[in-house]
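*Asks:* Okay, handing you the structure first.
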Amino acid sequence: MHPTTLILSSTLLIIFALLTYPLITTLSPTPQHENWALTHVKTAIKMAFLVSLLPLFIFLDQGTETIVTNWQWMNTTTFDINLSFKFDHYSIIFTPIALYVTWSILEFASWYMHADPNMNRFFKYLLLFLIAMIILVTANNMFQLFIGWEGVGIMSFLLIGWWHGRADANTAAMQAVIYNRVGDIGLILSMAWFATNLNSWEIQQMFASSKGLDLTLPLMGLILAATGKSAQFGLHPWLPSAMEGPTPVSALLHSSTMVVAGIFLLIRLHPLMENNQTALTTCLCLGALTTLFTATCALTQNDIKKIVAFSTSSQLGLMMVTIGLNQPQLAFLHICTHAFFKAMLFLCSGSIIHSLNDEQDIRKMGGMHNLTPLTSSCLTIGSLALTGTPFLAGFFSKDAIIEALNTSHLNAWALTLTLLATSFTAVYSLRVIFFVSMGHPRFTAVAPINENNPSVINPIKRLAWGSIIAGLLTTSNLLPSKTPVMTMPLPLKLAALLVTISGLLIALELASLTSKQFKTTPNLITHNFSNMLGFFPAVVHRLAPKLNLTLGQTIASQMVDQTWFEKIGPKGVISTNLPMVTTTSNIQQGMIKTYLTLFFLSTALAVLLTLT
Amino acid sequence: MSPQQLNMAAVGFRNWARALSKGKQTGFSALFSQVRAASGPSKGMLPGPYPKTPEERAAAAKKYNMRVEDYEPIPDNGEGYGDYPQLPDRSQHERDPWYSWDHPDLRRNWGEPIHWDFDMFIRNRVDTSPSPVDWHTMCKHLFGFVGFMLLMFYFGEKFPSYQPVAPKQYPYNNLHLERGGDPEKQPEEVKHFNI
């Protein structure tokens, strides 16, 4: 066997072994020592990252991809489910990035969660999540993907509700599970369709046998799954609510890895979608609506984590738009670059929140640039990368997407919405930096604010390097599979930059108004719409549960109980018998009229029957 | 053992059981009545039929630990609610978060009458607290926004962006061979534009 493929398969399976070893050691009854989280888990992930660089370099040099089928799990005469790993372009690049980001987040979490009595369990949950995520991205069949899919959903529930004594955290965890479940309906529908029509869950066989079939139904199921997992409009409220969890959870799950699982599913199964215009249009319109709606909501939020969460949702909408443009590779590029700067934004927010004694309201921050210069600089770098500043990480993916959008013969409204959302990105990013780093502090100086702890600073620095060079490195080493449009009018080429700069200028103009004496928070319709998140949670979370629960209660107690205890038994007997009884006894009252009527009726009936 | 001895044993057991259930209710004797009480609410505590007379109302109010003035049974419309009180449809979200409740997570004190839909009104479920914007405005704005977006997407499909200015022009004699043309025959030239 060729040594390259042997090295590739072995290293990739070693990664799984390295990651699962700390979990297996927790199965013993003896408790782990206090530093287990750092000595075992963080080391395992660091090792796994370094090991994963080897397949990455082999892939970059030689373009080797491999499919490893290990074990025949459930095989019948007609249907096979195997343990099968696909290490192709997408998973070989995503795995090192996920491991790098997770390594930084774990180091940060060792500082953020150091006062938590169950820190070891927290790290165990994060490790379990990461394993589920890697199972998801390396899955070569739908069943294995589903295992990873559900795994990340459950770990998200456990981690959002980490502080389970807090009712809001429990509600947020419930929201995450329920909204993801609605998306899972779509995924299971698609899986059932594939199993019955294509007779396989192996990705290669699905692609080969689906030529010429009408795939609209399973594709709609997959889009529903992506809507649930990646918080597209309609199933999006769980993502901002998920900020109830600790900041490392928000940084890992709800910005870089878990929420991109839905988009990743669509990227993986993209050959099925290429020729189906309905599915592509749905992705495009849904993504455009999501990106604008969530960017609008982010404009007036005051909680720093919520702003970053809505920013994540907006970027996920942009990724969905890219899929609708038939450009899965660009969407994947955006996933990779987005992971770096979004995780860094969350870590900087977490550092600032902890320094200010758990204050999350940006109206009570300010002047952090003087107090924590490195953190606020990295916040600025992350925001610049997010808005697509030329030659930072976000530029390579975001600008390419906007160029592709501008030069596509597609829905003009989707184009308008996406450009508007790009300008809003600049606005709320500036808002965060203005309120957090600039100006004077709006809090009382309590704890000495410092940046002395290397477990905080090193992860942020590492991710800052990633935010700066990741885009350049990725695009220099990987060829695009679809030829980008090379020539376009100059305004279209500069469109992304122009709308971003105009958003920035508008935001600066609005920010300068804060130092003048104006009425506070005017009661504008648009402000209310934006601040209350489009009224979506307020309407849907009150209406739908109330209807469902009252319906359930009425069915259970009134309908079922009353039916079985009363209507089937005594009252039912009465209601069927009583009319007959009254009719019969009324007939037999002894009135001649009644007898005569009956006599004539029956005679007429008999005559009619004999005559006809 | 002979039948006579078995009979004696049964009598002895019966006397012992009677003594335990009816004797002084302390210590071991109280076990039977405690076990019976712990198996569910007593007949006097369960909901009863709809109260028709003021005395029945007063008794029902006392049973539910409410004042007679506050007690209002659910209207008797054949749905079988009996004398259960009609409490206001207010969720636990609306209760004071800073008061020291007996059950802080439920924001409820011991002995308080429980709403029929209490499981719906806990803090993890439906919230009835007043919103800054009233319900009809919220619904109007949300569904209006979604409807407007759907309408605009429909128009966007009708009028796509980046319109091509000329038909596509393919190389290799307009892909004559690829489209299954005769290799011997000379195809006519198709040129929509010149670069």
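Here the Cβ of each residue, glycine as well, is placed from N, Cα and C on the backbone.
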*Asks:* Looking at A:374-393, A:554-573, which stretch does TrEMBL describe as transmembrane segment?
*Replies:* A:374-393
*Asks:* Of the listed stretches (A:215-235, A:374-393, A:413-434), which one yields the highest count of Cβ-Cβ distances below 8 Å with the transmembrane segment (A:145-165)?
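*Replies:* It is A:215-235 that shares the most Cβ pairs under 8 Å with the transmembrane segment (A:145-165).
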*Asks:* I need to check the long-range neighbours of the transmembrane segment (A:279-300): which residues 6 or more away from its ends have a CB within less than 8 Å of a CB in the stretch?
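*Replies:* Same-chain contacts beyond the flanks: 215-216, 219-220, 223, 227, 231-234, 236, 240, 266, 273, 306-307, 310-311, 313-326, 410-411, 413-415, 417-418, 420-421, 424-425, 427-428, 431, 527, 529-531, 533-534.
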*Asks:* Tally of helix, strand and coil residues over the domain 'NADH-Ubiquinone oxidoreductase (complex I) chain 5 N-terminal' (A:73-123) according to DSSP?
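*Replies:* The counts are 29 helix, 11 strand, 11 coil.
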*Asks:* For the domain 'NADH-Ubiquinone oxidoreductase (complex I) chain 5 N-terminal' (A:73-123), what's the mean pLDDT in this predicted model?
*Replies:* 92
